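Under the heading compositional bias 'Low complexity', TrEMBL lists 19-31. Marked as domain 'Major facilitator superfamily (MFS) profile' by TrEMBL: 41-412. Annotation comment: TrEMBL describes 1-31 as region 'Disordered'. Taken from TrEMBL, the feature transmembrane segment applies to 39-58, 78-99, 106-126, 132-154, 166-187, 193-218, 239-260, 272-295, 302-323, 329-349, 361-381, 387-409.
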Amino acid sequence: MTSAAAPGSPAPSPRHRPPAAADAPGRTTAPGPAPWKGWAAVCAVALGIFCLITSELLPVGLLTPIGGALQVSDGTAGLMVTVPGLVAALCAPLVTVGAGRRDRRLVLCVLIALTTAANLVAAFAPGFTVVLAARVLVGASLGGFWAIAGGLAVRLVPERHTGRATALIFGGVPTASVLGVPAGTLLGELGGWRAAFAAMAVLGAVTLAALILLLPPLPPTRHVAFAELPALVRENRGVRAGIAVTFLVVTGQFAAYTFVRPVLQDVSGIDPAHVSTLLLGYGVAGVAGNFLAGARDARRTLLVVSASLAVVLALMAAVPGAVAGTALLLAWGLAYGGVSVSLQSWMTTSAPRATEAASSLMVASFNLAIATGALLGGLAVDGISASAAPLGGSALMLLAAVTVLTATVRRPDAVGTPK
């Protein structure tokens, strides 16, 4: 890695690459005699991300049936996405700091167990209030798990493979859209929304078993103190820019995506029976976008993604017709698929010696944005029309593109915070 620049000197913006071994004190080298164990552990972490993101987004494809069954509007039902997003934003830094010297494998297992219990509670909830209470547990688990998992690739596989491993871990995000949300939507249509939550509880149990069996002991490399978090934001331009871009892109995304079903039905005129199939296509495109972004410059990728999404979401709101709606949905998935891995790369490269702290801030911003986007989208849908949600998302994506274009960062110093 390039040595630290002189104080006050600008440096290139973060590129998509994990920190080198020299940047990661306490790095645990992957087992030499059995490197497959490191990749198995990476897959277990990716499964955890998949389980959590699917749990968080499961209501997206089921807003209408859940709202009907529990007698709330689509906008109110959107709180099932808003609430876990807010809680995850709060818990990402809290869990990172609170984990202290505890083995990260134990922490990750506890968080997945909490998610499993939450989905089981939701499956048998007698009313909307109990469902929302269960969603609080999902948010707490998601925030902590993602913040810790974001920097694990460098500890599980050899240095030369960390880029691929990071993309694989964050492949759990778009794969949740490919398999999780569409499968949950389909299961909800066939067996009812409660069956979808019960299935997520089963997946959580499987994920917990995988983590117990496949993850090696992961003692913390360094303790994260609360005082480090505001200092990192205050003194590191790259981290500040990453937080801002994360918030704008993800708020825009979830203002629109939380209400993708009513948009597809009301604006594009798509038959409700075809929505789950189209969401599957969206997810496949998202997986492709994730791995395409995994080998590219983070800043350039985020600029292209945010600008493209500004156009696509505006067209989603304005252009009727099933063919146009389908094409735009696939383009949407391809563009957004590269967001998570690029944002993680931006933050990791901005603060290579404080990866857990930087990741927790990104996750906090990401999930606060999910909550904000879902809330704004719900207000737009209930107060104006379904097309207002993607229009608002388009405006936020444009702001994100401007932020990426104008962002300047400095190289971090030896402890991960610029002078």
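Glycine residues also receive a Cβ, built from the backbone N, Cα and C atoms like all the rest.
All TrEMBL annotations are machine predictions without curation.
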Task: Using a Cβ-Cβ cut-off of under 8 Å, list the residues of the same chain that are 6+ residues beyond the ends of the transmembrane segment (302-323) and lie near it.
output: 245, 248-249, 252-253, 256, 263, 267-270, 293, 329, 331-332, 335-336, 338-339, 342-343, 346, 387-391, 393-395, 397-398, 400-401, 404-405
Query: Are there 3 or more C-beta pairs under 8 Å linking the transmembrane segment (239-260) with the transmembrane segment (78-99), counting only pairs at least 6 apart in sequence?
result: yes
- line: Same-chain residues at least 6 beyond the ends of the transmembrane segment (106-126) with a Cβ under 8 Å from one of its Cβ atoms are 45, 48, 51-52, 55, 95, 99, 133-138, 140-142, 144-145, 148-149, 194-195, 197-198, 200-201, 204-205, 207-208, 211-212, 215
Field: Ranked first among 39-58, 132-154, 166-187, 272-295, 387-409 for CB pairs under 8 angstroms with the transmembrane segment (239-260)
entry: 387-409
Query: Counting Cβ pairs under 8 Å that are 6 or more apart in sequence, does the total for the transmembrane segment (166-187) and the transmembrane segment (39-58) reach three or more?
result: yes
Query: Cβ under 8 Å to the transmembrane segment (39-58), counting only same-chain residues 6 or more beyond its ends: which ones?
result: 81, 84-85, 88, 108, 112, 115, 118-119, 138-139, 141-142, 145-146, 149, 152-153, 156-157, 165, 168-173, 175-177, 179-181, 184, 196-197, 200, 203-204, 206-207, 210-211, 213-216, 370
Field: Residues of the parent chain within Cβ reach of the transmembrane segment (132-154), under 8 Å, 6 or more residues beyond its termini
entry: 18-19, 21, 24, 27, 42, 45, 48-49, 52-53, 55-56, 79-80, 83-96, 99, 104, 107-108, 111-112, 114-115, 117-119, 121-122, 125, 162, 165-166, 168-169, 218, 344, 347-348, 355-356, 359-360, 362-364, 366-367
Query: Who are the long-range neighbours of the transmembrane segment (193-218) in its own chain, taking Cβ under 8 Å and residues 6 or more past its ends?
result: 28, 31, 37, 40-41, 43-45, 47-48, 50-51, 54-55, 58, 62, 65-66, 69, 103-105, 108-109, 112-113, 115-117, 119-120, 122-124, 152, 155-156, 183-185, 187
Mean of pLDDT values spanning the domain 'Major facilitator superfamily (MFS) profile' (41-412): 85
